[in-house]
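Heads up: the structure comes next, in C-alpha coordinates.
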Ligand SMILES: [Zn+2]
(Lines of atoms letter the chains of each structure in order from A and count residues from 1; the text may use other names and numbers.)
(Lines give C-alpha, C1' and ligand atoms only; values in the text may rest on other atoms or scores of the structure.)
Protein backbone atom coordinates (compact mmCIF):
# COMPACT_ATOMS: atom_id res chain seq x y z
CA UNK A 1 0.00 0.00 0.00
CA UNK A 2 1.43 3.39 -0.92
CA UNK A 3 1.88 6.03 1.73
CA UNK A 4 -0.89 8.06 0.18
CA UNK A 5 -3.40 5.18 0.16
CA UNK A 6 -2.59 4.31 3.71
CA UNK A 7 -3.06 7.93 4.74
CA UNK A 8 -6.49 8.04 3.08
CA UNK A 9 -7.54 4.74 4.70
CA UNK A 10 -6.55 6.06 8.11
CA UNK A 11 -8.25 9.40 7.47
CA UNK A 12 -11.51 7.54 6.68
CA UNK A 13 -11.14 5.48 9.84
CA UNK A 14 -10.55 8.69 11.80
CA UNK A 15 -13.67 10.27 10.26
CA UNK A 16 -15.72 7.23 11.21
CA UNK A 17 -14.54 7.46 14.82
CA UNK A 18 -13.92 11.20 15.24
CA UNK A 19 -16.32 11.16 18.22
CA UNK A 20 -13.78 9.34 20.37
CA UNK A 21 -11.35 12.27 20.15
CA UNK A 22 -11.18 15.55 22.03
CA UNK A 23 -8.74 18.39 21.53
CA UNK A 24 -5.70 17.91 23.81
CA UNK A 25 -5.45 21.70 24.25
CA UNK A 26 -9.04 22.77 25.03
CA UNK A 27 -10.91 19.42 25.36
CA UNK A 28 -13.52 20.46 22.77
CA UNK A 29 -14.80 17.96 20.20
CA UNK A 30 -12.81 17.62 16.98
CA UNK A 31 -13.68 16.79 13.41
CA UNK A 32 -11.72 15.41 10.49
CA UNK A 33 -11.35 18.03 7.76
CA UNK A 34 -10.33 17.26 4.15
CA UNK A 35 -9.21 13.76 5.15
CA UNK A 36 -6.08 15.49 6.40
CA UNK A 37 -6.47 17.17 9.78
CA UNK A 38 -8.28 16.93 13.08
CA UNK A 39 -9.59 20.37 13.97
CA UNK A 40 -11.46 21.40 17.11
CA UNK A 41 -14.14 24.06 17.44
CA UNK A 42 -11.45 26.47 18.70
CA UNK A 43 -9.46 25.82 15.48
CA UNK A 44 -6.63 23.89 17.13
CA UNK A 45 -5.37 21.77 14.26
CA UNK A 46 -3.50 18.44 14.16
CA UNK A 47 -2.38 17.04 10.81
CA UNK A 48 -2.04 13.43 9.77
CA UNK A 49 1.55 12.45 9.06
CA UNK A 50 2.53 11.00 5.69
CA UNK A 51 2.20 7.55 7.18
CA UNK A 52 -1.25 8.26 8.51
CA UNK A 53 -0.62 8.57 12.24
CA UNK A 54 -1.71 11.64 14.07
CA UNK A 55 0.45 13.75 16.34
CA UNK A 56 -1.66 15.17 19.17
CA UNK A 57 1.11 16.54 21.34
CA UNK A 58 0.65 20.22 21.95
CA UNK A 59 4.43 20.57 22.13
CA UNK A 60 7.27 18.17 21.25
CA UNK A 61 8.61 16.01 24.07
CA UNK A 62 11.91 14.16 24.27
CA UNK A 63 11.96 10.56 25.46
CA UNK A 64 14.82 8.22 26.26
CA UNK A 65 13.39 5.60 23.93
CA UNK A 66 15.01 5.81 20.51
CA UNK A 67 14.27 4.24 17.12
CA UNK A 68 16.76 1.39 17.67
CA UNK A 69 15.08 0.36 20.91
CA UNK A 70 11.68 0.17 19.20
CA UNK A 71 13.07 -1.67 16.17
CA UNK A 72 14.64 -4.23 18.49
CA UNK A 73 11.48 -4.64 20.50
CA UNK A 74 9.59 -5.24 17.26
CA UNK A 75 12.04 -7.99 16.24
CA UNK A 76 11.64 -9.68 19.65
CA UNK A 77 7.83 -9.37 19.50
CA UNK A 78 7.52 -10.59 15.93
CA UNK A 79 9.73 -13.59 16.72
CA UNK A 80 7.05 -14.75 19.14
CA UNK A 81 8.92 -14.28 22.43
CA UNK A 82 5.91 -12.51 23.96
CA UNK A 83 3.33 -14.97 22.58
CA UNK A 84 2.33 -16.65 25.88
CA UNK A 85 1.72 -13.20 27.39
CA UNK A 86 -0.30 -12.04 24.38
CA UNK A 87 -2.35 -15.25 24.53
CA UNK A 88 -3.18 -14.68 28.19
CA UNK A 89 -4.21 -11.06 27.63
CA UNK A 90 -6.41 -12.03 24.66
CA UNK A 91 -8.07 -14.84 26.66
CA UNK A 92 -8.93 -12.38 29.42
CA UNK A 93 -10.52 -10.07 26.90
CA UNK A 94 -12.48 -12.82 25.14
CA UNK A 95 -13.86 -14.04 28.49
CA UNK A 96 -14.96 -10.52 29.30
CA UNK A 97 -16.86 -9.96 26.03
CA UNK A 98 -20.62 -9.95 26.20
CA UNK A 99 -22.60 -11.88 23.57
CA UNK A 100 -24.29 -8.68 22.46
CA UNK A 101 -20.98 -6.81 21.88
CA UNK A 102 -20.83 -5.56 18.31
CA UNK A 103 -17.72 -3.41 18.51
CA UNK A 104 -14.86 -3.49 20.99
CA UNK A 105 -12.88 -0.32 21.40
CA UNK A 106 -9.43 -1.05 22.65
CA UNK A 107 -6.80 1.48 23.74
CA UNK A 108 -3.16 0.51 24.18
CA UNK A 109 -1.76 3.25 26.41
CA UNK A 110 2.00 3.33 25.93
CA UNK A 111 1.92 1.07 22.86
CA UNK A 112 5.51 1.77 21.75
CA UNK A 113 6.07 0.24 18.30
CA UNK A 114 2.61 -1.31 18.38
CA UNK A 115 3.37 -5.05 18.07
CA UNK A 116 1.44 -6.08 21.18
CA UNK A 117 -1.69 -4.20 20.15
CA UNK A 118 -1.50 -5.56 16.60
CA UNK A 119 -1.12 -9.16 17.87
CA UNK A 120 -3.91 -8.84 20.43
CA UNK A 121 -6.26 -7.26 17.92
CA UNK A 122 -5.53 -10.02 15.43
CA UNK A 123 -6.50 -12.67 17.99
CA UNK A 124 -9.68 -10.85 18.96
CA UNK A 125 -10.73 -10.49 15.31
CA UNK A 126 -10.08 -14.20 14.71
CA UNK A 127 -11.89 -15.46 17.80
CA UNK A 128 -14.66 -13.01 18.63
CA UNK A 129 -17.82 -12.46 16.63
CA UNK A 130 -17.54 -8.69 16.74
CA UNK A 131 -15.67 -5.84 15.17
CA UNK A 132 -12.68 -4.26 16.88
CA UNK A 133 -11.18 -0.79 16.77
CA UNK A 134 -7.63 -0.51 18.10
CA UNK A 135 -6.15 2.78 19.20
CA UNK A 136 -2.45 2.89 20.03
CA UNK A 137 -1.00 5.84 21.91
CA UNK A 138 2.58 6.58 22.79
CA UNK A 139 4.49 9.71 23.63
CA UNK A 140 7.30 8.60 21.32
CA UNK A 141 7.02 9.62 17.69
CA UNK A 142 9.71 7.05 16.85
CA UNK A 143 7.55 4.27 18.28
CA UNK A 144 4.34 5.41 16.58
CA UNK A 145 6.11 5.89 13.27
CA UNK A 146 7.10 2.19 13.30
CA UNK A 147 3.64 1.16 14.58
CA UNK A 148 1.88 2.96 11.74
CA UNK A 149 3.36 0.50 9.23
CA UNK A 150 1.08 -2.10 10.84
CA UNK A 151 -2.58 -3.10 10.36
CA UNK A 152 -5.05 -0.56 9.03
CA UNK A 153 -7.94 -1.10 11.52
CA UNK A 154 -5.85 0.74 14.09
CA UNK A 155 -5.50 4.44 14.78
CA UNK A 156 -2.01 5.36 15.94
CA UNK A 157 -1.44 8.59 17.87
CA UNK A 158 1.47 10.41 19.40
CA UNK A 159 0.05 11.81 22.64
CA UNK A 160 0.79 12.43 26.28
CA UNK A 161 -0.78 9.87 28.67
CA UNK A 162 -1.20 12.65 31.21
CA UNK A 163 -3.45 14.51 28.77
CA UNK A 164 -5.09 11.91 26.56
CA UNK A 165 -6.95 13.26 23.50
CA UNK A 166 -9.97 10.99 23.98
CA UNK A 167 -13.48 11.65 25.26
CA UNK A 168 -14.80 10.12 28.50
CA UNK A 169 -15.82 6.45 28.77
CA UNK A 170 -14.78 5.56 25.24
CA UNK A 171 -12.92 2.30 25.70
CA UNK A 172 -14.03 -1.22 26.61
CA UNK A 173 -10.43 -2.18 27.33
CA UNK A 174 -7.36 -0.16 28.23
CA UNK A 175 -4.10 -2.07 27.91
CA UNK A 176 -1.00 -0.82 29.65
CA UNK A 177 1.86 -3.20 28.94
CA UNK A 178 5.29 -2.65 30.55
CA UNK A 179 4.66 1.07 30.39
CA UNK A 180 3.96 3.90 32.87
CA UNK A 181 0.31 4.59 33.77
CA UNK A 182 -1.91 7.55 34.32
CA UNK A 183 -4.75 6.16 36.39
CA UNK A 184 -6.95 9.24 36.49
CA UNK A 185 -6.91 9.38 32.69
CA UNK A 186 -7.50 5.63 32.44
CA UNK A 187 -10.46 6.00 34.77
CA UNK A 188 -11.89 8.87 32.75
CA UNK A 189 -11.59 7.10 29.40
CA UNK A 190 -12.77 3.63 30.48
CA UNK A 191 -16.39 2.61 29.86
CA UNK A 192 -18.26 1.95 33.12
CA UNK A 193 -18.20 -1.80 32.52
CA UNK A 194 -14.73 -1.73 30.91
CA UNK A 195 -11.52 -3.38 32.03
CA UNK A 196 -7.97 -2.15 32.52
CA UNK A 197 -5.29 -4.75 31.83
CA UNK A 198 -1.91 -3.72 33.18
CA UNK A 199 1.21 -5.83 32.69
CA UNK A 200 4.25 -5.37 34.89
CA UNK A 201 7.50 -7.32 34.95
CA UNK A 202 7.47 -10.23 37.41
CA UNK A 203 10.33 -10.73 39.87
CA UNK A 204 12.09 -13.18 37.52
CA UNK A 205 11.73 -11.13 34.34
CA UNK A 206 15.01 -11.29 32.40
CA UNK A 207 16.72 -12.46 35.58
CA UNK A 208 19.66 -13.78 33.55
CA UNK A 209 20.40 -10.25 32.28
CA UNK A 210 19.85 -8.74 35.73
CA UNK A 211 22.33 -11.22 37.23
CA UNK A 212 25.02 -10.15 34.75
CA UNK A 213 24.36 -6.40 34.62
CA UNK A 214 23.64 -5.82 38.30
CA UNK A 215 25.89 -8.41 39.92
CA UNK A 216 26.27 -7.60 43.63
CA UNK A 217 24.08 -4.53 43.53
CA UNK A 218 20.63 -4.11 44.94
CA UNK A 219 19.18 -3.30 41.51
CA UNK A 220 18.89 -7.04 40.92
CA UNK A 221 16.19 -7.08 43.61
CA UNK A 222 12.79 -6.38 42.26
CA UNK A 223 9.44 -5.90 43.93
CA UNK A 224 5.97 -5.18 42.58
CA UNK A 225 4.26 -4.56 45.89
CA UNK A 226 3.92 -0.80 45.50
CA UNK A 227 2.73 -1.02 41.90
CA UNK A 228 0.01 -3.51 42.80
CA UNK A 229 -1.07 -1.42 45.78
CA UNK A 230 -1.30 1.74 43.68
CA UNK A 231 -3.33 -0.08 41.02
CA UNK A 232 -5.64 -1.42 43.69
CA UNK A 233 -6.25 2.06 45.06
CA UNK A 234 -7.45 3.22 41.64
CA UNK A 235 -9.31 0.19 40.35
CA UNK A 236 -11.01 -2.82 41.79
CA UNK A 237 -8.34 -5.48 41.30
CA UNK A 238 -10.41 -8.40 40.04
CA UNK A 239 -7.47 -10.74 39.35
CA UNK A 240 -3.70 -11.02 39.44
CA UNK A 241 -2.17 -13.51 37.03
CA UNK A 242 1.40 -14.69 36.66
CA UNK A 243 2.76 -15.64 33.28
CA UNK A 244 6.25 -17.12 33.38
CA UNK A 245 8.15 -19.09 30.75
CA UNK A 246 11.71 -19.70 29.61
CA UNK A 247 13.08 -19.30 26.12
CA UNK A 248 16.39 -20.14 24.50
CA UNK A 249 17.48 -17.13 22.54
CA UNK A 250 19.89 -17.54 19.66
CA UNK A 251 22.72 -15.09 19.19
CA UNK A 252 20.89 -13.12 16.46
CA UNK A 253 18.22 -12.13 18.99
CA UNK A 254 20.46 -11.39 21.97
CA UNK A 255 21.51 -7.96 20.74
CA UNK A 256 17.85 -7.01 20.17
CA UNK A 257 16.96 -8.22 23.65
CA UNK A 258 19.73 -6.12 25.19
CA UNK A 259 18.79 -3.07 23.11
CA UNK A 260 15.09 -3.20 23.89
CA UNK A 261 15.45 -3.14 27.66
CA UNK A 262 16.42 -0.23 29.89
CA UNK A 263 18.18 -2.86 32.04
CA UNK A 264 21.30 -2.37 29.95
CA UNK A 265 21.40 1.43 30.30
CA UNK A 266 23.47 1.41 33.47
CA UNK A 267 25.68 -1.52 32.43
CA UNK A 268 29.34 -1.26 31.38
CA UNK A 269 30.33 -1.93 27.78
CA UNK A 270 32.36 -4.90 29.00
CA UNK A 271 29.31 -6.57 30.55
CA UNK A 272 27.21 -5.84 27.47
CA UNK A 273 29.86 -7.43 25.22
CA UNK A 274 29.94 -10.42 27.54
CA UNK A 275 26.21 -10.95 26.99
CA UNK A 276 26.39 -10.33 23.23
CA UNK A 277 29.16 -12.94 22.92
CA UNK A 278 26.89 -15.84 23.88
CA UNK A 279 25.84 -18.27 21.13
CA UNK A 280 22.67 -18.90 23.05
CA UNK A 281 21.11 -17.44 26.15
CA UNK A 282 18.46 -18.95 28.40
CA UNK A 283 16.08 -16.14 29.25
CA UNK A 284 13.16 -16.04 31.67
CA UNK A 285 10.08 -14.04 30.72
CA UNK A 286 7.97 -13.35 33.79
CA UNK A 287 4.98 -11.05 33.92
CA UNK A 288 2.30 -10.08 36.37
CA UNK A 289 -1.04 -9.22 34.78
CA UNK A 290 -3.42 -7.01 36.78
CA UNK A 291 -7.09 -6.94 35.77
CA UNK A 292 -9.05 -3.97 37.07
CA UNK A 293 -12.56 -2.59 36.86
CA UNK A 294 -14.11 0.64 37.99
CA UNK A 295 -14.93 0.23 41.66
CA UNK A 296 -18.59 1.26 41.59
CA UNK A 297 -19.40 -0.61 38.41
CA UNK A 298 -18.04 -3.84 39.78
CA UNK A 299 -19.47 -3.63 43.29
CA UNK A 300 -23.05 -3.04 42.24
CA UNK A 301 -23.12 -6.52 40.67
ZN1 LIG B 1 -8.88 22.90 20.89
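The backbone N, Cα and C atoms fix where each Cβ goes, glycine too.
Feature list (source: TrEMBL):
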- 21-64: domain '23S rRNA (guanine(745)-N(1))-methyltransferase N-terminal' (DOMAIN)
- 23, 26, 40, 44: Zn(2+) binding site (BINDING)
- 82, 113, 114, 205: S-adenosyl-L-methionine binding site (BINDING)
- 107-191: domain 'Methyltransferase' (DOMAIN)
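In the three-state DSSP reading, residue 44 (Zn(2+) binding site) counts as coil. Only 23, 26, in sequence order, out of the binding-site residues 23, 26, 82, 114 have a CB under 6 Å from ligand 1. There are 20 other CB atoms within 10 A of the CB of residue 40 (Zn(2+) binding site), with all protein chains counted.
The Cα of residue 40 (Zn(2+) binding site) lies closest to that of 114, out of the binding-site residues 82, 114, 205. Outside the domain '23S rRNA (guanine(745)-N(1))-methyltransferase N-terminal' (21-64), and at least 6 residues removed from its termini, the chain residues within Cβ reach (under 8 Å) are 3, 6-12, 14-15, 139-141, 144-145, 147-149, 155-160, 163-167, 262, 265. Residue density at residue 205 (S-adenosyl-L-methionine binding site): 20 other Cβ atoms are found within 10 A of its Cβ, drawing on all protein chains shown. In the predicted model, the domain 'Methyltransferase' (107-191) shows an average pLDDT of 94. The binding-site residues recorded for this entry are 23, 26, 44, and the Cα of 23 lies nearest to that of residue 205 (S-adenosyl-L-methionine binding site). Surrounding the centroid of the Cβ atoms of 23, 26, 40, 44, where the record places Zn(2+), the chain contributes additional residues within 8 Å, namely 22, 24, 25, 27, 28, 30, 39, 41, 42, 43.
In this structure, the C-alpha atom of residue 44 (Zn(2+) binding site) lies 39 angstrom from that of residue 82 (S-adenosyl-L-methionine binding site).
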